[in-house]
Amino acid sequence: MNEVVQTPAIQPLPKSAPTAGKQNLLDLDRAGLEKFFVEVLGEKKFRAHQVMKWIHHRYVTEFDEMTDLGKVLRAKLQEHAEVLVPNIVFDKPSADGTHKWLLAMGVDGKNAIETVYIPDKTRGTLCVSSQVGCGLNCTFCSTATQGFNRNLTTAEIIGQVWIAARHLGNVPHQMRRLTNVVMMGMGEPLMNFDNVVRAMSVMRDDLGYGLANKRVTLSTSGLVPQIDRLSTESDVSLAVSLHAPNDALRETLVPLNKKYPIAELMASCARYLRANKRRESVTFEYTLMKGINDKPEHARELARLMRQFDNAVQAKDSGKVNLIPFNPFPGTRYERSEEAHIRAFQKILLDSNVLTMVRRTRGDDIDAACGQLKGQVMDRTRRQAEFNKTLQAGKGSDAAA
């Protein structure tokens, strides 16, 4: 008979105020946690494994609640360590099951990132952020309008998975609700390489979230040297934000293309696949914008690019295309392609034997396009703060939050 594991009752999240001299255990993968237990606590490695399970399987952050640890070890942990997760600023479910969290990074409340859970019939995908803002300035991206602040720590990245899994009641050995993680949220993951790779290690560890390599996907705008480094240090699925079939157009949409043009980018993707035979394909993301990159000639050019990629890898279907209807946000000059143009674009690719999917928009009612909720909530927070200052200064009450 299978053991029945009770989902822990949802308790209020602890404050994310770090304590000087204490190690946040969420910042460590298995190897780092083992080293901490041996070198700092003077304990055996298996004790690190016990604590890792308490944190990631049972969502326990208080050492006193880790009941299979002795009092002496718990006292050591209280002295030298802590488990801090991000604070939830805003928790917004959608009518279609999509769920979005706005999470505060740090104790000052000035930085926030977004995490989105997208359920489907056979899987549940979590979209995770890697930076506060982004510095690549892609012209069609809402996050780019907010600028770049800083990289997220490993704890802040894996903390997003912890919060979502805790919310979903994702207890190991029961029905899995969180089946995939995509590093497609705010930021460029490869510009925060070490922290992202460490967090993805926890996602794929059986003591963490036990996801298969192919179920963790890193999406990049095309940092060629980091793609090459990733091929030797991690074994996750790779997605590339392409969005244009030629350099002239891509440079206007993704300025990084001026440094790493399409030919160099495609060559690095081919090297990524050839480095490990278990890697079957790279997904190329293509956001369709009305009158910009959705014309038939763009589709034919993209089909040629995919055929060239197959030849470089020497394997059929090495490149898959994911067509993404543009999700408008306030102030953008771009528009979503019409449905007829999207279908015509896809047909040209399919007729050219290119594996092509159209990503259906989810969570429109909660602004699930990355960067939108942060902009709305943080703007309201700013206006509320200004309103409060006005009242405190006795300047009247004609301001509005």
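If you go along the chain as it appears here, the first residue is 1 and each next one adds 1.
Glycine is no exception: its Cβ is also placed from the backbone N, Cα and C atoms.
Taken residue by residue with DSSP, Glu114 (active site, proton acceptor) is part of a strand. The active site, proton acceptor annotation in Swiss-Prot covers Glu114 and is backed by sequence analysis.
Among the features that Swiss-Prot reports, active site, S-methylcysteine intermediate is placed at Cys370, with the record citing sequence analysis.
Annotated [4Fe-4S] cluster binding site per Swiss-Prot: Cys134, Cys138, Cys141, in sequence order, evidence recorded as sequence analysis. Neighbour count (other Cβ atoms within 10 Å of the Cβ, all protein chains): 23 for Cys141 ([4Fe-4S] cluster binding site).
For the recorded site, Cys127 (disulfide bond), the DSSP three-state label reads strand. Feature annotation from Swiss-Prot assigns disulfide bond to Cys127-Cys370; the stated evidence is sequence analysis.
The average pLDDT computed for the domain 'Radical SAM core' (120-365) is 94. For 120-365, the entry in Swiss-Prot reads domain 'Radical SAM core'.
There are 26 other Cβ atoms within 10 Å of the Cβ belonging to Cys134 ([4Fe-4S] cluster binding site). In sequence order, Ala144, Ser221, Ser241, His243, Leu253, Val254, Pro255, Leu256 constitute the residues six or more apart from Cys138 ([4Fe-4S] cluster binding site) in its chain with CB-CB distances below 8 Å. For Cys127 (disulfide bond), the spatially nearest entry among the recorded positions Glu114, Cys134, Cys141 is Glu114, judged by CA separation. Each of the recorded positions Glu114, Cys127 was assessed for Cβ neighbours inside 10 Å, and the highest tally belongs to Glu114.
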